[in-house]
Structure formats: structure tokens, C-alpha cells
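Peer 1: The annotation domain 'MacB-like periplasmic core' is assigned in TrEMBL to B:20-241. Taken from TrEMBL, the feature transmembrane segment applies to B:21-42, B:282-305, B:329-356, B:376-400, B:426-445, B:678-702, B:714-742, B:762-782. Annotation source TrEMBL lists domain 'ABC3 transporter permease C-terminal' at B:288-401, B:681-791.
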Amino acid sequence: MLSLQHISKYYQVGGNKNFVINDISLDIDEGEFVSIMGPSGSGKSTLLNIIGMLDEPTDGFHYFVDQAVHQLKEKQRSALYKQYIGFVFQAYHLIDELTVYENIETPLIYQDVKGSERKAMVADMLDRFQIVGKKDLFPAQLSGGQQQLVGIARALIAKPKLLLADEPTGNLNSKQGEEIMELFRKLNKEDGVTIIQVTHSEKNAEYGTRIINLLDGRVESSRTL
Amino acid sequence: MIRNYLKTAWRNLLQNKTTSLISMVGLAVGICCFLLLTTYLINELRYDRFNVNADRISRLTFSYKSADDNEAKTAAITPTAPVPVFKKVFSDIEDGVRIVNYSNMRAAVVQFGDKVFKEKKMLAADESFFKIFTFKFIQGNAASSLSNSSSIVITASTAKKYFGDDNPMGKILKVDQKNNMMVTGVIEDVPEYSQIKFDLMASYAMMPRSLTRAWDSSNDYSYILLKPGADRVAVAKQMTNYITKDRPQSGNKMWFSLEPLTKVHLYTTATYGLEPSGNIKYVYILGFVAVILLILACVNFLNLVTARSAERAKEIGVRKVMGAMRGQLFSQFIIEAGIITLFSIAIGVALLAGLFPSFSTFTGQALGFQTWNLSWLLMALVALFMLVTLLAGTYPSLYLSAFKPIVTLKGSASSQAGGVMLRKSLVVFQFVVSVFFIISTIIAGNQLHYIQSLNTGINREQVLVLDIGGMPYTKIESFKTEISQQTGVLGSTASYDSPVNVGGGYSINTAEGKNSDYNLFVTAIPVEKSFTKTLGIKLVAGSDLDIGDEQQVQDTASAKRRYSFILNETAVAAMGWKPEQAIGKKIGLNGRMGTIKAVAKDFNFASLHEKITPIVMFPEYDWFGKLLIKTSGKNTANTVAAIQAKWHKFYPNAPFEYHFLDQEFDAMYKTDQRTGGILTAFTVVTIFISCLGLFGLAVFSTRQRIKEIGIRKVLGAGVVSIVGLISFDFIKLVLIAILISSPIAWYAMNSWLQDFAFRIDIQWWVFVIAGGTAALIAFLTVSYQSIKAALSNPVKSLRSE
């Protein structure tokens, strides 16, 4: 599904190159559930952002569904990204001014989905996550677990092939975290969504099919479960 | 999609009530002022254009310059001959009309039954008047209404005044107790934006002068209607040729000009016009002010929106991650700006409606929504809406929509909050404007105060001015004797004209020891012998007029009179004499022969805009226009009441019309006072708007520096030092603004002052006070934010998520 070849990202500090990602090559197939682990500053989030096209590598080749991302223009990249990728954040990042319903609906608006169709899709999603009763509430009125649920629903609404999650359980207690992880596993198994998550927790990493360990911007180890 | 944008915009507005309100109020005030000034300008620019023939009508002016004059003088008044003669001679002239200001020449006391009024706006004109100018007739016929020498046309309100609800047509108005004038037409009230304003328009033929065709003695306003396609300048040249051909002249030059009707109000330099003219300079200045205010308000809005960018950053990031394209975000923010603009325009228009009445009183013009053509107004509002939305919304929208999601989502929005330089420049710009207005207001105020307190050489305090236009001197004399008994009356004197604004143009054309072609144009005024004494005009040489001088001119036939003249210092100097040398010299003033009896110290007999020019005062008792009564100033009301009682005893049918000389003096500076008033108003508005902008910047900046402030507090900084730290950042901007603004204001106000022959010097402390005021206001605006920041708990600001 995606392939990174000799990807590096560094900043020029004085005369030295300060590497965040240092020559990483990585292939991920459709249907995988990959957990990226590593200590703070090892480049996990940066790697995830590069995969999600929110960030650009300094060097290297990046292919996504057979397209050379590193050669695409901003607009094309945006279109590609809009079509295939959903994002989940540690801090949920819901829009405070919008209700649960509207938050979930927003990506569809940006993809020019028709009103009636949007309605059906959002209703479907609310139903599936069992948050129909909360659809008119604002994010501030929800608990952290519920907010993350909305965040995931929003990430999935446009039916992405790839779900990227940056410490999705980082702000949650263990019970809420487990529920989210169960949900991820189900999405991966039943709906065939490819998932890449960044996590600190060994336990959460176990939910995946492959664990990649980073250290100082390099892949230290990779094991398939 | 639009619905979603509207919804977000609306919720955003509600959620940030303070900032939304600040930006809306700022914008509304700016829009309101802009529309107010635009209304005023529209009114100025539409002056006289209601006349269907406006393009073809010109006013005839007459200019003259003698060899002894430095500058040509141009007057709007002309003799009786030009219109009828030129109309016959030149084929390019379709028609012409002479107008005289009847109220100025006669008492203009109009009577119908027991209703007697002194009419201030009564004119008389040739019968072609209503054919040339466009006034709407309610009753009567435009073409024929003035065809009879006893015809008079009145306005609707005048008709109401005399006849109530009765039909005014055919009724007889008695004018000055001798002319019976029949109402032959009723027109709608003359609009304020007409240079010819009147309540009554009598037939020119009622005046004896209508029988003469004289080329001297200018008292008429002449308007010429040219044939379509005729060349105005060429016709004027032909006119000049016509008179100079017949009358060979020595060093003197004279010429006619034709001013297009629509240029008279704003561009004319001719004196003695029907009404004080406007000034195109003020139109430009106010237009400029209007645009500046609008820009200020937009800038302010822009500043506040970008200042809030840190708060919006996260939302923008999230939207981008969810697939929003930059264009989609841009439209979202433009729509938000549009909503605020829409509300602001609504508030601004409401404010405008509330301000129109007082603004109309202030400008003396009936201004309101009716000044606009309704569809124009709507179009202007739509255009304004789009303009302001684009002006105020584009930059923030571009700026906000360019945020990189990856950065904003990390919560470090401030690191990419660029455009600080731009925002600071905008605040500097706002304060440049504010400081400019503060300086201008102070200087204008000083100048106006200076005018009022300047010793003009005439003691005009407590001098009551009575209109006695045309009363026989014997009657005036006995009235004077009667009131001289009255306590509170210190003295009285009659004169041709008001001493603070003397009109008459004469020339000294013979003088002892000068060539036979000597000619010096002077202002001159027939006075009673007690003139200088009553008004406190000082004599520097010679002695005052006495009873002998009075008898000399009273009892002798005019051709044989020997006059005693009083000249001012400037006149004597212009003739090349020292005051003492001048005494006893023989001179002739337009045929009046006599000797110089006294030299008066220079005094201001015209507006302080002008230098003191030569003036001659001479006793001539044939016609007096004003009676000046010097009162003690104690119990003025009683004194006036007593004078009024005696007046009614003397002249049962004449209304008692009076004013004080210093009021008349002040009225001469109405335009200047209006300018001062407008400056003050806009100073307040610009300061207000600029402070809103500064406040916005302060909110933004303190939020950005919250971490720095936290660290400083942990390291032991006190509240005072932190407030100082933040405030200084802004005071710096204001100081820069003062530096930029001062020279501009100095230049502008200096050129404004050039219009006054008597003016103040601009003092350095004006700039200090203006700068200090601006800095203080800025400090107070910022201090709320800086104190709040200084008092905040560092633990909170330093905790990272």
C-alpha cells in the first residue's frame, strides 16, 4: 500500500545536520495494523506525519497506492490524502464550535458529498459508534473517551483505506484506552482498514500485527506478531 | 457548504462576544462617519445641479485692477447694463437675468393685514428668472409670473406665514409701505443646495434702477444663459472687448468673466456673492478624512481578526487535516468577515439615522437619507459591504488559511504567527492618523480662540446693531436722542454698513501732489460723526469729525459739499504719507472732494482671513443701514427691552431686528468653527478606533508572550516591571507614530493658517501635548491587558500539555 525508501528528515543547525528521521525504508501492505514505538524524540510522530503527508521529508522516495508522493504537487497530494487517509489525534482535536454531528460531517463537506448522502453517512456512523444521543452536544460536554470516539468516527466517515493514529489513547484512562484499541482491532479485522498507530504502551502495541521500534530516527527493530 | 460556514461563523461570533463586539463597533463607527461625510460631500457637489439648464448658466463677474493695486479684485456684483446690453449684442447668449438682494438694499418690511415681518431673504429679479432657473411651481406659471412690475413669487412656507391655509394667489403684500405686490406664484421652498436662496422673489421692475442702464454702481447679480454649444470663455472675452473698446482706460484694467453655475459654490474667488461660498479645499479634505476613517476601521478589524489567529489556529489545522483546501478555508473566513461587516453596516446606518439631525444643524444643510438617491444609497451600501469585506477580510483570510496544520496541531501556533511587523505597522498608521487629528484640533482651537480674543481695533463688546436700512436721517436722529436718555446706553452711531464687515468699493482718484491719473482702490464707508468715538477706534493724527463737518454735508447740495475724511494708517501709507503729513491734504473720493481730517489706527473691518487694506470713513448722511448702540453691558436684557419699546413707538410698522456686533463677528468664522468642530469629532473617532486596534494587538501580544512573562515572574519580576515591559512595546509604536505625524500635521495646519492674515505661530508644546495625550491613551488601553498578564499565575502559563 505504501512504501518509504531512504526517507530522511533533518534540520540544519549551525554546520550540522540534525536528523529527526535518518534513512528509513519501510513497506506497509494493505490490511496491516502497525504499531510504531520508541522513546521520546525518536521520530515516531514525524514518521507518522510524513506517511500522512502532513509533513515532508528532506530526502527520499515516498510511494502511496502506486503514486510517487514526493513528485506530487501540493494540490494533488491533498486530493490523494483526502481520498485515502483518516487521522486520529492524542488530543482529539475536535472543533469546539461544532456539535458532534457537525464534527463528523465536516470531512464530507470538504469532499463535496451531497447533503442527503452526508446525512445518511453520518447517521450510520453515529449509530455504529452508539453516540446517536450525543449528536447535538458540543465537544466540551463530552468525556475524553467520548471525544476520542467522535474523533475516530470523524476519521472514518470518508471511508479511508488508511487510518493514522498518533497516541490515540494517550489522554485516556486504561479502560477507555482498551475500548478504543478493541475498536481498532475490529476495524482492521472486519472492515479491512489499514491502521498505523504511534504508541508508548507495549500493551496497546500488541493489538497490532507488526511492531516497529524506532531509536534516534532509525528503525531499530521490526517484528511481526 | 455555505450553511456550514454561516453556522460556524455565527457561533464563533457568539463565542467571542468581546472581540466580535469591538470589531463590529469599530467598523460601524467608521462606516457611519464615512457615510456621514459622503452625504455632506454629495450635498456640496450637487449644489445648483437641480437646475435643468445648469450646464448653460454662468454667473457674470467683474474684475478690476488699477495701476496702484497689487492684485486684481473680482466681484460677483455687476452694474445694471451688462445683461440687457449683452443679450442684445451677442448671439451666443440665449437669455440673462439680473438679481438684486432686496433685503440688503431696503428695509424689506412686508405686510399683510396685521402680519408684519422683516424679510431677510427677499430678492428681485428680471422676469426671465424662472425661465432660466428651475424652481417648482405649486401655483402660478414659471414663464409669466414676474412679467408685471408688481408681481411677487413666494415660497410655500412664506405663503403659510402670511396667509395660513388661504389661497395666496392674487393676494396683495405691502412692501416697505409703498409697493403693493401681487402674489403671482407659489413655489416649493428653495433647496439649501441652491446658491440663490430666497423666500420672496419680486419683479425687478419694481425697483427704480430697472429703468437705468448704467455701467457703474454695481449692485446686481447677473446670470447668463448661453445657447447650447456656445463657448463660455469666448463670450466673456467678447464682453470685455465690448466695454474696453468704448472706454479707453489708463493704467486700469477691467474684465468680465463667466463662472459656470455649478462651479460658483465651491470654486469662486469673487467677493460680495449672494452667500458665503463653500470651498473645494474642504471638499477634498473631508473626502480624504472619510476615506482615512474607513481605512482605519478596516485596519482595526483586520488587526483584531489576525490577533485572534492563535485561537483559531487549532481549528484551521483540524480542518486542513480533514481535507479542507485552502480556498475552502479562505471562503469560510471571508464569509465570517462578511457577516461582521453586514452587522457593522446595519449598526452604522442606524447610527447614521440618529446623527443626521444634529449633523444637519451643525452644517446648516438639510442632510439625510433623502440627500441620496435611494437606489444609489443601496448600491453604495452593497459596494461598501463588498469593499469592506474584501479590505478587512482578505488579509486575515489569506493569513489564516495558510497555516500549516502540523504546526498548529502541536499547539505552538505562536511560532508561526507571522505578520507581527504588518500588524505593528498598522497600529503605527492608526496612531499617525490619531496624532495628526489631535495636533490639528489643538492648533485649530488655538487659532479660533486667537481670532476671538484678538484686539481688532474696534470695541465690539456690548454693541447692539439695529437694522435701519433706508430710514430718513431726521427720524434716526430723533430716535437716537430718545434712547440716549435710557440707562445702560452709552452712545450710538449710524453707519452705512456693519463695521466688522465693510463692503463698499471706492477709489481715491485725485490727491494733492499726485499725478492726474492717480487711482487707489479703497474700501470706504459713510458714517455719522460719532462713529470712531462710539466704536473706540483710535486716531493717531488729526481730530475727530465734529458738528461742522456734519453740517457741511447735511446742508449742502451734494455737488458742492466739502468732505472731511478719516483714513486709516494703511491708506495713508499707500499714498506715501506719514500720518501727520496727511492731515489737511486734499483728496477726492469718487467725486467727493475734501480734505483729510484724521488718520485712524488700523482696525479690522473685514474678516481676519484678510490683511488690513486702505479704508476711508467719511460723513455722508444720505443713507444709513445700521444703527450701532453701545451699551454698558449691565442688565442688557432690560436695556434691549427699553430700546425695543421706544422703537415700536417710533416705527409702529417696522419689526425690531437686532443682534450684537460680536455675534456678527463670530458668524464670519462659522466655516472655520465648523472645521474646528469636525476636526474635534473626528479626533475622538480616530482615537477610539485606534485604541480598539491597539487593544486587539495587546490581547494578541500578551497571549503570545505569556510564557515569557511566566518565566520572568518565576525569576522574580514584579508586576510593575512586567506592565512596564509590555506597555513599552506599544508606547514605542505610538512614539514612532508621533514622529511621523508631527511634520505632516505641522505642514497641513501651517497651510490652513495661511488662509488667515492674522494667525498664531505653531508652538512646539502643541506636539508635546498631542504626543503625550496619544501615549497616555495608548498606555491606558494596553494597561488592562498588561496588568492582567502580569497578575496571571506563572504555574498555569508554564505548564505544557
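Cβ atoms here come from the backbone N, Cα and C positions, even for glycine.
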Peer 1: Express the predicted model's confidence over the domain 'MacB-like periplasmic core' (B:20-241) as a mean pLDDT, rounded to an integer.
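Peer 2: Looking only at the domain 'MacB-like periplasmic core' (B:20-241), pLDDT averages out to 90.
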Peer 1: How do the residues of the domain 'ABC3 transporter permease C-terminal' (B:681-791) split into helix, strand and coil according to DSSP?
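Peer 2: For that range the per-state counts are 96 helix, 0 strand, 15 coil.
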Peer 1: Same chain, outside the transmembrane segment (B:376-400) by at least 6, Cβ under 8 Å from its Cβ: which residues?
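Peer 2: Same-chain contacts beyond the flanks: 27, 31, 34-35, 38, 294-295, 297-299, 301-302, 305-306, 309, 312, 316, 329-330, 333-334, 336-338, 341-342, 344-345, 349, 369, 418-419, 422.
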Peer 1: Would you kindly list the residues that approach the transmembrane segment (B:329-356) from elsewhere in its chain, counting only those six or more residues past its ends and only Cβ-Cβ distances under 8 Å?
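Peer 2: Apart from its flanks, the transmembrane segment (B:329-356) reaches 2, 5-6, 8-10, 12-13, 20, 23-25, 27-32, 35-36, 39, 301, 305, 316, 319-320, 367-369, 381, 384-385, 388-390, 392-394, 396-398, 400-401.
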Peer 1: Tally of helix, strand and coil residues over the domain 'ABC3 transporter permease C-terminal' (B:288-401) according to DSSP?
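Peer 2: So the counts come to 102 helix, 0 strand, 12 coil.
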